[in-house]
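Q: As annotated in Swiss-Prot:
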BINDING   ARG30, GLN31, ALA32, GLY33, ARG34, ASP79, TYR154, SER209, HIS333  substrate binding site
SITE      ASP79  site 'Transition state stabilizer'
Amino acid sequence: MNTRRELPDSPYLAAARGRKPARVPVWFMRQAGRSLPEYRALRARNTMMQACFDADLITEITLQPVRRHGVDAAILFSDIVVPLRASGIALDIVPDVGPVIDHPVRTAADVAAIRPLERQTVEPVEQAVRMLTAALGDVPLIGFAGAPFTLASYLVEGGPSKHHEHTKAMMLGAPDTWHALMSALTDVTIAFLQAQVDAGVDAIQVFDSWAGTLSLADYRAYVLPHSARVFQALAPAGVPMTHFGVGTAELLGAMSEAIATSGAPGVVGVDWRTSLTDAAGRVERGSALQGNLDPVVLLAGWPVVERAVRAVVEDGRRAVDAGAAGHVFNLGHGVLPATDPEIVTATVELVHSL
């Protein structure tokens with residue numbers, strides 16, 4: 001059942017849909033996280049996986065940065081590997097390491113053993129979405145999932161990887177096994193996002209954290225068709241959809257195609273290595289842009305932050321003049337744990353004043 005709210009005055013939704021917002025909208029990837037003392041207090045009593053499968057904790061953690069910073073959107077607190085865990089894959093999130101898979105997926109038999117995501121396994125996530133949409137007032141809620149390629153990399157490597165050698169070896173050397181794996185993970189991603197959409201999220205963002213390790217040719221051949229299927233499946237909901245990766249300057253056009261083929265409103269996330277104006281010339285016409293302050297800037301003191309924030313806002317305006325449908329201010333990746341929350345709040349206030 002569609003329980004989506006009407007939020008006609010949301011600056012975030014306006015910019016994401018290509019309409020002129022009343023102000024430049026701003027939110028931050030990883031805005032709910034270790035930079036916040038209230039988050040650290042909750043996490044001291046709960047593991048990451050416990051937090052990701054507890055509706056009350058998901059709700060509270062998601063709300064924390066909205067209360068503190070006054071951002072223009074909340075993003076559902078979760079982790080990229082949550083749908084994998086919900087599908088029965090044995091894994092854990094190890095502090096200071098990241099997701100660790102008990103039995104890496106390396107063969108066709110391993111791929112065949114991946115189970116579909118059963119809706120009841122993510123009921124706490126759906127419940128949290130319903131609680132959040134009731135609590136957020138006029139602030140939109142962004143749903144969250146990892147893209148099939150990034151999920152595949154975690155599964156094949158067994159955890160985080162610098163070179164993704166096992167992943168690329170399967171992709172290039174065993175393409176039938178690779179596409180079977182990507183198809184299974186695309187189904188898992190669709191099911192996880194569909195659960196969030198049905199529960200009432202106002203937008204979604206798909207994180208392809210490791211896509212930047214690929215050439216454009218390999219991305220088009222081995223990844224794009226599967227990512228496009230995710231967006232095509234979610235398009236009937238009509239919510240804005242964002243596609244984000246790190247180090248993806250050469251992939252921005254293809255990543256925007258993944259959404260554009262669905263016909264739904266599309267936003268492409270841009271990291272700090274690429275100017276927004278340059279990105280506007282790379283993405284499909286009609287795409288909005290999101291980004292792209294370097295997260296490290298927030299550690300450099302307020303005078304540096306202020307100059308950089310003003311530069312990003314101006315770059316966003318030039319990008320819109322160059323053809324981008326809109327601009328959502330964000331970082332080029334997640335908020336770093338050492339970031340002073342007061343600097344984040346001041347950044348929101350500054351963006352809103354410009």
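Each residue, glycine too, has its Cβ placed from N, Cα and C.
Remember, predicted model here, so these are calculated numbers, not experimental data.
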Q: Return the residues near ALA32 (substrate binding site), defined as same-chain residues 6+ apart in sequence whose C-beta is under 8 angstroms from its C-beta, sorted by sequence, else 'none'.
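A: In sequence order, TYR39, ILE61, THR62, GLN64, PRO65, ILE75, PHE77 meet the Cβ cut-off.
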Q: Can you count the other CB atoms that lie within 10 A of the CB of ARG34 (substrate binding site)?
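A: Taking all protein chains shown, ARG34 (substrate binding site) has 15 Cβ neighbours within 10 Å.
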Q: Provide, as an integer number of angstrom, the distance between the C-alpha atoms of HIS333 (substrate binding site) and ASP79 (site 'Transition state stabilizer').
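A: Answer for this pair: 15 Å between alpha carbons.
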Q: Starting from each candidate's C-beta and looking 10 angstroms out, tell me which of the recorded positions ARG30, ASP79, TYR154, HIS333 has the most other C-beta atoms.
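A: The largest 10 Å Cβ neighbour count belongs to TYR154.
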Q: Would you mind pulling the longest C-alpha to C-alpha span across ARG30, GLN31, ALA32, GLY33, ARG34, ASP79, TYR154, SER209, HIS333, which the record has binding substrate, in angstrom?
A: 23
Q: Hey, how far is ARG34 (substrate binding site) from ASP79 (site 'Transition state stabilizer'), Cα to Cα, in Å?
A: 14
Q: Using DSSP reduced to three states, classify ALA32 (substrate binding site) as helix, strand or coil.
A: coil
